[in-house]
Amino acid sequence: MKMDQDADPQLRIGFIGAGNMAFGIAKGMLSGNVLPINIKVSAPSSTNQGRFQELGISVTHSNTEVVSGSDLVFVAVKPHLVPLVLSEVSPHVQQKQIIVSVAAGVTLAVLEELLPENSIVIRLMPNLPCVVQEGALLFARGANAKQEDGAVLRSLLRCCGLVVEGPEAWIDIHTGMSGSGVAFVYLFAEALAEGAVKMGMPSALAHSIASQTVLGAGRLLRDSGKHPAQLRSEVCTPGGTTIYGLHTLEQGGVRASVMSAVESATEKARELGRK
Ligand SMILES: NC(=O)c1ccc[n+]([C@@H]2O[C@H](COP(=O)([O-])OP(=O)(O)OC[C@H]3O[C@@H](n4cnc5c(N)ncnc54)[C@H](OP(=O)(O)O)[C@@H]3O)[C@@H](O)[C@H]2O)c1
C-alpha cells in the first residue's frame, strides 16, 4: 500500500465555511502533524466557530483574511454559495495557492471559471466519517493542479481516512456510493436493531449491538482485504441461521435495491452538477 507523506508543518491552511464538513476535515488533519496555529476558519456568524476555537484554531468573519493568509484553502460552504464566495475572494487568490472545493455538484470547470486564470483547483468529495478519521475521500485535479499539488492535499488528509485520486467523472459516483452511502448503512443498522427489538431485545441494547456489528463487519472487510462474498460465505454454516437470513434478504431484493440506490444518488449528483 502506498504510504502518504507527512504534511509540511509550515503549510498554512484556511477554511471558508465552519460547518460539519470543515470541522470533520480540520479534526482529521489535527490528528496528523498539522498544528492548529496554522489553520484559520471563516464564517459569517459565530454559531459554528466555538468548536474550532476549542481545538486551538483561530477564527474570523472575513473570507478574504483566510485566503490572504493561507497556502491551501478549503471552500466548505453550501454549493449554492460557492459563486458568491469565490467572486468575493477571487481578487485575493494568488497563483501558487491551492483551492480545494468540497461543494457537491460544483464542477472543476465552474470553479476554474469563478477563479483567476491558471488557478490551482482541486475538487474533493469527503464523507462524514472524516470526523472519526474513517472517511472515504476522492479528489480530482483541475487543469492547473499538478501531481505535487495532489500530494500536498493527500499529506494533509492522511489522517482523515482513505484518500484516493480519480477522474472528475468518479466524483458523482463516489457521492452516490460513499457520501450518501453512509446513510444507506445507517438505515441497515437501524433495520438490524428493529429486527432484534421485534424479537424481544430492549431497544438501547439492540442499537448498540447493531452499531458494533456494522463497525466490526466494516473493519474486518477492510482489514482482511477479502471480497465481501468470501467473508459472507465464511459465516454461512450449511443449513445454518445465516443462510436462512440471507435467503430472506435476497427475496426482499436488498442487493438490487442497494445497487439502484447508488445509481439514483449518482444520477442526482450528476443532475445537480448540470444546474
Ligand atoms: N456534510 C456532508 O456529509 C458533506 C459531504 C460531502 C460534501 N459536503 C459539502 O460540504 C459543503 C459544506 O457542507 P456542510 O455540511 O459542512 O454545511 P454546513 O454545516 O451547513 O456549513 C456551512 C458553513 O458555511 C458557512 N457560510 C455560509 N455563508 C458563508 C459565506 N458567505 N462565507 C463563508 N462561510 C459561509 C456557514 O456559516 P455559519 O456557521 O455562520 O452558519 C457554515 O459554517 C457543502 O458544499 C457540501 O456539499 C458535505
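Quick reminder: no glycine exception, Cβ is built from N, Cα and C everywhere.
Pulled from TrEMBL:
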{"type": "DOMAIN", "residues": "12-105", "note": "domain 'Pyrroline-5-carboxylate reductase catalytic N-terminal'"}
{"type": "BINDING", "residues": "ILE16, GLY17, ALA18, GLY19, ASN20, MET21, ALA76, VAL77, LYS78, PRO79", "note": "NADP(+) binding site"}
{"type": "BINDING", "residues": "ASN63", "note": "NADPH binding site"}
{"type": "DOMAIN", "residues": "168-272", "note": "domain 'Pyrroline-5-carboxylate reductase dimerisation'"}
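Feature map: annotations from TrEMBL on the structure.
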{"residue": "ILE16", "record": "NADP(+) binding site", "Cβ within 10 Å": "27"}
{"residue": "ALA18", "record": "NADP(+) binding site", "Cβ within 10 Å": "26"}
{"residue": "ASN20", "record": "NADP(+) binding site", "Cβ within 10 Å": "13"}
{"residue": "ASN63", "record": "NADPH binding site", "Cβ within 10 Å": "24"}
{"residue": "ALA76", "record": "NADP(+) binding site", "Cβ within 10 Å": "27"}
{"residue": "LYS78", "record": "NADP(+) binding site", "Cβ within 10 Å": "12"}
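Using a 10 angstroms CA-CA radius around ASN63 (NADPH binding site), the binding-site residues that qualify from ILE16, ALA18, ASN20 are ILE16. In the three-state DSSP classification, ILE16 (NADP(+) binding site) falls within a strand.
The residue listed as 'NADPH binding site' falls within a helix when secondary structure is assigned with DSSP. Mapped onto DSSP classes, the domain 'Pyrroline-5-carboxylate reductase dimerisation' (168-272) shows 89 helix, 0 strand, 16 coil. Counted over all residue pairs in ILE16, GLY17, ALA18, GLY19, ASN20, MET21, ALA76, VAL77, LYS78, PRO79, the record's binders of NADP(+), the longest Cα to Cα distance measures 14 angstrom.
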